[in-house]
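Asker: According to TrEMBL, the record shows the following:
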type	residues	note
ACT_SITE	A:Lys107	active site, schiff-base intermediate with DXP
BINDING	A:Gly168, A:Ala194, A:Gly195, A:Asn216, A:Ser217	1-deoxy-D-xylulose 5-phosphate binding site
DOMAIN	A:13-259	domain 'Thiazole synthase ThiG'
Amino acid sequence: MSADQRQDIPLTVAGRVFSSRLLVGTGKYRDFDETAAAVEASGTELVTVAVRRTNLGQNPDEPNLLDALPTSRYTILPNTAGCYTAKDAVRTCKLARELLDGHNLVKLEVLGDDGTLYPNVVETLKAAETLVNDGFDVMVYTSDDPIVAKELERIGCCAVMPLGSLIGSGHGLLNPATLEIILEHAEVPILVDAGIGTPSDAALAMEMGCAGVLINSAIANARQPVRMAHAMKLAVEAGREAYLAERMPRRASASPSSPFAGRINA
Amino acid sequence: MHIQLNGDQRELASPLTISELIDQLALTGRRIAVEVNEEIVPRSQHAETRLSPGDRVEIVHAIGGG
């Protein structure tokens, strides 16, 4: 192996090492059995959860998501989905840390409005700074703005997660050119969070050099979620392998794969 | 006394600690986190933290999300 070939090193986020580069969200599944089966088929080790008010006065035997996703097997990544201000996002992270016995890895997202779920970058930057100063390891959902990505890195976020397209839209990577700029300058893992619709989207992100992808809707909203979870696993692995292998150059003209020499009509 | 619990007004028959409130709600032993007036109350302090009139209490848990 020559020295300038790309070497595989496992995904490392704030000192935590993961052998899978696929992060899976746990929303929108039919039930916890389907969640657990899809999560297993995806091969992920890092799963997101949301933090919400407990329904009071309900069946005390109601199943708990954290029982379906044992922390011995999965690293839980609580998110701040549904937060529109830095203040609410910080409160949610603190609740998550208490809920998970001091676990300090969080996925920060501060949204701008409920129509686009586009990140509110101003509030995201504020929340990131507060959380980093409070000892959280912050993986941050943001727009695909290279300047903002760099600023979040400077603040101390342990991973920057630009959107490929709007959350839950399944439009894939709408702006690979800006993603490429972000990747070129990044010193922390860059993961595509949001917008992946199908395995080829995930493979493209990985081929470009993303450290990972976070997928929820594309798995949960597939007709067969468990099968799609497996498809995403293969796509992420294939994309990563292709990134390491480095693709052939594009050419303007054809180049035959079979030699010209020895043709019977020569 | 009145408190606000997960956004709703609630009348408590007598002053309670957080542990007692959790017990009344049949949530003892569940994976939850508690915040009072926007400050986390760590599990280790539930038994000794007494609620006051007007307290805003949030009790949360983990659900599916992306």
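Cβ coordinates come from backbone N, Cα and C, glycine included.
The shown structure was predicted, so the numbers you read here are calculated from the model rather than taken from an experiment.
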Asker: If I take every residue in the domain 'Thiazole synthase ThiG' (A:13-259) and average their pLDDT values, what number comes out?
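Answerer: Value for the domain 'Thiazole synthase ThiG' (A:13-259), mean pLDDT as a whole number: 96.
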Asker: Of these recorded positions, A:Lys107, A:Gly195, A:Asn216, A:Ser217, which are close to chain B by the rule of a Cβ under 8 Å away?
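Answerer: Correct list, in sequence order: A:Asn216, A:Ser217.
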Asker: Please find, for A:Gly168, A:Ala194, A:Gly195, A:Asn216, A:Ser217 as listed binding 1-deoxy-D-xylulose 5-phosphate, the greatest distance between any two Cα atoms, in Å.
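Answerer: About 9 Å separates the two most distant Cα atoms.
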Asker: Write down the Cα-Cα distance for the residue listed as 'active site, schiff-base intermediate with DXP' and A:Ala194 (1-deoxy-D-xylulose 5-phosphate binding site), rounded and given in Å.
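Answerer: With distance taken Cα to Cα, the residue listed as 'active site, schiff-base intermediate with DXP' is 13 Å from A:Ala194 (1-deoxy-D-xylulose 5-phosphate binding site).
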Asker: Counting only residues 6+ apart in the same chain, whose Cβ is under 8 Å from the Cβ of A:Asn216 (1-deoxy-D-xylulose 5-phosphate binding site)?
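Answerer: Counting only residues 6 or more apart in sequence, the Cβ neighbours of A:Asn216 (1-deoxy-D-xylulose 5-phosphate binding site) under 8 Å are A:Val24, A:Gly25, A:Thr26, A:Gly27, A:Lys28, A:Thr48, A:Gly168.
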Asker: Fewest neighbouring Cβ atoms within 10 Å: which of the binding-site residues A:Gly168, A:Gly195?
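Answerer: Per-residue Cβ counts within 10 Å for the binding-site residues A:Gly168, A:Gly195 bottom out at A:Gly168.
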Asker: Between the recorded positions A:Lys107, A:Ala194, A:Ser217, where is the Cβ count within 10 Å the lowest?
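Answerer: Counting other Cβ atoms within 10 Å of each of the recorded positions A:Lys107, A:Ala194, A:Ser217 gives the minimum at A:Ser217.
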Asker: Is A:Ser217 (1-deoxy-D-xylulose 5-phosphate binding site) helix, strand or coil when read with DSSP?
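Answerer: The three-state answer is helix.
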Asker: Distance between the residue listed as 'active site, schiff-base intermediate with DXP' and A:Ser217 (1-deoxy-D-xylulose 5-phosphate binding site) at the Cα atoms, whole Å?
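Answerer: Answer for this pair: 17 Å between alpha carbons.
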